[in-house]
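A.B. asks: Below is the structure I would like to discuss, written out as structure tokens.
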Amino acid sequence: MSVPAPEDSAAAEAREDAMPWSRLDRRMLLVHPVTEVVRLLPVLVVSLVVGSTSGNHLWSAIVLAVVVAAAIARWVTTGYRLGPVHVQLRTGVLQKKVLSIPRGRIRSVDVQAGPLHRLLGLAVLTVGTGRHAGKGETFELNALDARVVPALREELLATAVAPPSDPAAGGDVPAPPERELARVDPAWVRYAPFTLTGLAVVGAAAGLLGQSGAAGAVASSAVVDDTYRRVVSLGVVAAVSIAVVAALVVSSAIAAARYLLVYGNLRVTDDGERLRVEHGVLSTRHASFDRARLRGASIRRPLLLRLAGGARLDAVMTGVSASEHESSLILPPAPRAAVTSTAATLLPDAADAATAPLTAHGPVARRRRLTRALLPVAAALAATAGYAVSGRAVPTWAWIVLGLVAVAAIALALDRYAALGHRVRPGLLVTEHGSLDRRRVVLDARGVVAWTVRQTFFQRRAGVATLVAATAAGTGAYRVLDVPVDRAWAIAEAAAPGATDVWGCDR
């Protein structure tokens, strides 16, 4: 499959309008019915029950025929056109819709393939523009022949005409060599239990059992009933302990299995023009990003993962939303040393930014964190004391719990302050904050489009402010929290010299 070189002219648009529409691969006629059956599984179950109770299985046949017909109609009415000016996707059975994206707006191209797609030699290609895509606004070609997708991906990312040949060298400029930035180590699976993935899956499964009514049948089974009686006979403390340990073991096993399946074979490469991330065992994903749009990196260290010595690395990329699930992923939970090393290789101009010490924000910022952490504890303590003064007995364990909560709140506040800081130099801003979800962002200040200094009522009284760097990359805004107000604009000026000249005064 050949894609015309990107152009922007009236003649190119005229040629594009004359181009025929292409259809998805015919093998999708085998995939679409399966996906439709899965999507409409509740309807099929109801029709099967109705047919079984009435003795008339025609209902099941009718529903199945409708599903297959809908899948065929979806394939017939879906077309795409990859022109020199736009990429276009035409969909809709009853209501036609054409999604058109200018070639210059393409920011990323993702390639995914589930087990059924891989079995049939197909792949799903998704074009990203960096904007949040609503329902029906995702440019997704599901699916194409997997053999043509890699070349198609590179051609779609080439939003500019290829560089001319070098006459002095006597030929074309050779492509830069590809280097490997990171490769997954199977031993990294030890960090999977320190994420919330396993607990989320267990919770979702429990909710599904409860809604379907199967929970009652499982609970009343002889095996579960016998196990419950044995555990309860050991005492409340032992029963709760066994339940907690069992939940942790099951959730850890699920998290580890998901980690191996989703992030297995992960490889991050860079050829100087394209940053590529590929991973997956059963379902594969290949993401390609324009290296010129890289604006920094985000190192996340949630509390549990941090205690285990791990971290996660995401790219701050123009046109790639950090809110989209795993769209900006570079490294999954991995050793912190591997994450910081990859970040240093990814950002050679800021090689030490991932580990360098930061400038603290002073005693006022520490006091604010202690105050916010202890206010709820103080309120609970006052309520308990009022209860005791009224003549009612307060159990000893309640005071012990309040004391432990107060100690935990102080520890959390001090940990939040320990993470709070920034580092700045011309063209670079580093900011870090958080405890439960600690995050350090290394940001190329040349990509910042606006600087804002914000103050809440309490910040004004405390003499601190929040500096916000707005950018078209990542989350769209990165904050330097509770910095002394007299230093806020100085930080912006140090990161982007001349950024505050518009006010014509010294801020």
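Every residue, even glycine, has its Cβ placed from backbone N, Cα and C.
Relevant sequence annotations retrieved from TrEMBL are reproduced here:
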DOMAIN    75-155  domain 'YdbS-like PH'
DOMAIN    422-491  domain 'YdbS-like PH'
TRANSMEM  57-76  transmembrane segment
TRANSMEM  188-211  transmembrane segment
TRANSMEM  231-257  transmembrane segment
TRANSMEM  373-390  transmembrane segment
TRANSMEM  396-414  transmembrane segment
A.B. asks: Does the transmembrane segment (373-390) reach the transmembrane segment (231-257), going by 3 or more CB pairs under 8 Å (6 or more apart in sequence)?
C.D. replies: no
A.B. asks: State the non-local partners of the transmembrane segment (396-414) in its own chain: residues 6+ outside its ends, Cβ under 8 Å from one of its Cβ atoms.
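C.D. replies: Answer is 366, 369-370, 372-374, 376-377, 380-381, 384, 435-436.
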A.B. asks: If you average pLDDT over the domain 'YdbS-like PH' (75-155), what do you get?
C.D. replies: 85
A.B. asks: What are the DSSP helix, strand and coil residue counts for the domain 'YdbS-like PH' (75-155)?
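C.D. replies: Split by secondary structure, the domain 'YdbS-like PH' (75-155) comes out as 18 helix, 36 strand, 27 coil.
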A.B. asks: Can you break down the domain 'YdbS-like PH' (422-491) into helix, strand and coil residue counts using DSSP?
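C.D. replies: Across the domain 'YdbS-like PH' (422-491), the residues distribute as 16 helix, 43 strand, 11 coil.
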